[in-house]
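Please read the structure below before turning to the comments.
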Amino acid sequence: MSAGGGRAFAWQVFPPMPTCRVYGTVAHQDEHLLVLGGCGRAGLPLDTAETLDMASHTWLALAPLPTARAGAAAVVLGKQVLVVGGVDEVQSPVAAVEAFLMDEGRWERRATLPQAAMGVATVERDGMVYALGGMGPDTAPQAQVRVYEPRRDCWLSLPSMPTPCYGASTFLHGNKIYVLGGRQGKLPVTAFEAFDLEARTWTRHPSLPSRRAFAGCAMAEGSVFSLGGLQQPGPHNFYSRPHFVNTVEMFDLEHGSWTKLPRSLRMRDKRADFVVGSLGGHIVAIGGLGNQPCPLGSVESFSLARRRWEALPAMPTARCSCSSLQAGPRLFVIGGVAQGPSQAVEALCLRDGV
């Protein structure tokens, strides 16, 4: 591990993946990191499946996915990993749903999505899988909400989202699923909505104050954060084209309102298409794209207690468009784009005792 200004954090570098990829689907189950599908050097979706044994730090090849895909969603259900939606070799959204049985090392097909979709957001609650939104073969954003019942191997429809979108950020908090942002075609969505799992009703919350694509979102200590991104031109914006920003907007779930933090509390670097997560009372922003000609390697954290940004140790491998996954005190940053699809697997970790 390496340390720097952020003494509470360090990077752990794992052996590189056998297959370089971007838009891979990742899951963590029983101390194994699974990386499924994605796009390789040729730019086409892969059926390749690999797993990293966290104890031995060795990679193993798994049985290939029945359906090659990129940008799929994954949910862990006990000893199974369910893979939902994504895009296929002809750049068309897929309806296929497949489960990898960890103990048996094989794939099984499951009930397909009612409609093919890419950019589906998924949440697991009490053994049920909720799939929200997506983009269909007609490129139109979807408002559908479906719930998968593993025992019956079927999808059931729930009340639709008020705002159709794909690629949204979702957070489970209490008995509600919060859905933030996403896209409609090339346009970023500012909607912020919540689905009550008990009442099965939707609530519209105040929209994001600013319209940004490729922003990073995280939830911590009862607040939702929206960071950075590409700011879109608008009537109160003198820029004629999208530009990188270091904006920080925070929604207080208790008070139900957004706060746009002042310049002194913005991120140190302007960035988009980056990894964001919550570790040990900090919101962390990792890599991405900025005004430089190559991906960023810088990392920073916002201390919720001290209300300030601090520089953290830089990424060992600067990248953007990474897959990410949080498992305990580790935030994994997997694959992505450096000078092409990357094999790098690294994790930002909390030091022991912090």
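Each residue, glycine too, has its Cβ placed from N, Cα and C.
Remember, predicted model here, so these are calculated numbers, not experimental data.
Noted in Swiss-Prot for the protein shown:
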type   : residues : note
REPEAT : 1-31     : repeat 'Kelch 1'
REPEAT : 32-79    : repeat 'Kelch 2'
REPEAT : 81-127   : repeat 'Kelch 3'
REPEAT : 128-175  : repeat 'Kelch 4'
REPEAT : 176-222  : repeat 'Kelch 5'
REPEAT : 224-281  : repeat 'Kelch 6'
REPEAT : 282-329  : repeat 'Kelch 7'
REPEAT : 331-354  : repeat 'Kelch 8'
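In this model, the repeat 'Kelch 4' (128-175) carries an average pLDDT of 97. Taking Cβ pairs closer than 8 Å, the repeat 'Kelch 8' (331-354) reaches residues 1, 3, 7-22, 24, 26, 28, 33, 35, 38-41, 52, 275, 277, 279-280, 284, 286-287, 294-295, 299, 312, 315-325 in its own chain, all 6 or more past its ends.
For the repeat 'Kelch 7' (282-329), the number of residues in each DSSP class (helix H, G, I; strand E, B; coil) is 0 helix, 22 strand, 26 coil. In terms of DSSP helix, strand and coil, the repeat 'Kelch 5' (176-222) has 0 helix, 26 strand, 21 coil.
Helix, strand and coil counts from DSSP across the repeat 'Kelch 3' (81-127) read 0 helix, 24 strand, 23 coil.
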